[in-house]
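Student: Got a structure for you, questions after.
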Amino acid sequence: MLSSISDVYINERIIGRKRKPRRDQAVPNSNAKPSRQRGPIGQFFKMGNEESSPIDESVPPQTLSSRTLEGLAEYIKAGKASKIVVMTGAGISTSAGIPDFRSPETGLYANLARLNLPYAEAVFDISFFKQKPEPFYALAHELYPGKYRPTITHSFIRLLHDKGLLLKLFTQNIDCLEREAGVPDDKIVEAHGSFARQSCIECKHPYPEDDIRRHIAAKEIPRCHECKGLVKPEIVFFGEQLPQAFFENRMLPAQSDLCIVLGTSLTVQPFASLPDATRGHTPRVLINKERVGGLGNGTDDVLLLGDCDDGVKKLAEACGWLEDLEKLWAETAGLGKDQAESAAGGAPDGVPDETAKSKEEVLEDEIDKLTKEVDETLTLSKWHEEKVRGEIMPKPADGADAAVSNVLHPHSQPHEDEKGNLGHVFVSKASEEAPSPNSSEEQTSKERDES
């Protein structure tokens with residue numbers, strides 16, 4: 001697809017065919033700046049997360065009556081938005097208590113950077129995972145679906161589907177909260193994969209959901225039933241290809257009549273190019289804490305800067321949908337109950353709200369919890385590696401014994417015990433078998449003797 005579009009573009013340049021200026025690029029005065037090229041060509045030839053100045057206010061919109069919340073709501077209520085594409089990032093899940101990845105101070109990467117990883121992103125690096133899967137599974141134990149309640153923003157996307165307006169949801173998130181909110185699988189493109197499916201990294205054989213859920217709950221590293229290889233949720237790690245579904249659906253924005261971008265920095269390609277795949281006259285709305293990706297430089301771009309939950313509530317209210325939205329969100333109240341009550345900053349019925357935590361405090365607690373798990377994992381797995389080498393893996397005396405050892409223990413790995421259990425890298429209140437990170441060599445030797 002990319003090569004064919006490139007060929008068309010190049011051929012038109014070679015034969016000298018003149019291209020008429022797009023309507024959204026026309027400006028009434030020389031001081032106004034044209035908007036960036038949109039559509040398939042603009043998508044594929046965009047280099048990085050380009051920024052440009054917001055469109056001059058003197059340039060009239062082409063499709064909307066005004067570049068405001070009211071103008072957007074009028075467009076939707078008139079039935080002109082029947083094929084809406086939604087593009088989301090981690091910002092729509094932070095109010096659920098899930099940290100994003102790239103925020104300078106509160107992001108997961110920023111906090112992982114202080115741990116003993118070769119680099120913060122190594123926890124999602126496929127090469128590092130093959131050697132040390134413990135850090136990822138420490139995070140998976142905390143992030144696995146079922147622990148967090150969908151936000152009202154997730155319910156807003158479900159509402160668009162229920163009203164028959166959702167063409168497709170493109171998400172960068174791996175948390176599956178869209179699914180928890182009731183958005184159907186066939187409406188979701190998880191551009192970076194998710195916890196929804198899992199398979200062996202060696203033979204690619206699918207792995208049962210019930211099995212991986214049990215392993216993660218029991219703090220164990222799952223192994224393939226077919227080849228005994230490592231099993232990984234189909235989250236796209238660094239060094240892996242994006243899902244085929246992304247490439248099969250990436251032209252859908254060109255068919256949409258409204259594009260809604262929510263809670264994303266638009267810094268990761270090729271996802272960041274999706275908003276520019278819309279047609280020049282298609283309205284685009286950004287609900288985000290800051291302006292990103294050049295959104296706001298189109299003739300029909302609407303910026304609702306601020307918290308995502310607040311933004312979707314304002315849009316729903318302007319469309320006359322607020323009651324419907326609140327009912328849908330209420331249906332998710334039983335999902336991730338503890339996290340939902342904390343993240344919402346509220347207390348159960350009949351309980352004073354004086355001790356309720358703010359969203360920022362809840363998020364900080366979650367980040368501390370996650371990084372503590374990884375920190376303990378890295379520290380204790382080093383101890384366990386020494387323990388396994390000394391106790392589980394035989395030390396051959398000569399070449400013949402080494403050959404026998406390789407036959408008897410073909411799958412011995414220093415990062416897990418023989419049953420694949422992760423108990424040695426998780427601190428247990430009921431067990432004090434593993435030494436603390438500051439244990440001396442003398443204590444380690446003593447425990448070896450006792451065991």
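The backbone N, Cα and C atoms fix where each Cβ goes, glycine too.
Note that the structure is predicted; figures quoted are calculated from it, not measured.
As annotated in TrEMBL:
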- 16-63: region 'Disordered' (REGION)
- 62-322: domain 'Deacetylase sirtuin-type' (DOMAIN)
- His192: active site, proton acceptor (ACT_SITE)
- Cys200, Cys203, Cys224, Cys227: Zn(2+) binding site (BINDING)
- 339-361: region 'Disordered' (REGION)
- 377-451: region 'Disordered' (REGION)
- 382-392: compositional bias 'Basic and acidic residues' (COMPBIAS)
- 433-442: compositional bias 'Low complexity' (COMPBIAS)
Student: Neighbour count, 10 Å Cβ-Cβ cut-off, for His192 (active site, proton acceptor): what number do you get?
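Tutor: Neighbour count, Cβ to Cβ under the 10 Å cut-off: 20.
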Student: Under 8 Å between C-beta atoms and at least six apart in sequence, can you list the same-chain neighbours of Cys224 (Zn(2+) binding site), or say none if there are none?
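Tutor: Counting only residues 6 or more apart in sequence, the Cβ neighbours of Cys224 (Zn(2+) binding site) under 8 Å are Cys200, Glu202, Cys203, His205, Tyr207, Leu230, Val231.
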Student: Would you list, in sequence order, the residues of this chain other than Cys200, Cys203, Cys224, Cys227 that have their CB within 8 A of the centroid of the site's CB atoms, where the site is the one recorded for Zn(2+)?
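Tutor: Filtered neighbour residues, in order: Ile201, Glu202, Lys204, His205, His225, Glu226, Lys228, Gly229, Val231.
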Student: Quick one: Cα separation, His192 (active site, proton acceptor) versus Cys227 (Zn(2+) binding site), in Å?
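Tutor: Approximately 26 Å lies between the Cα of His192 (active site, proton acceptor) and that of Cys227 (Zn(2+) binding site).
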Student: Mind telling me which of the binding-site residues Cys200, Cys203, Cys227 has the densest Cβ neighbourhood, counting other Cβ atoms within 10 Å?
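Tutor: Counting Cβ neighbours within 10 Å, the top one is Cys200.
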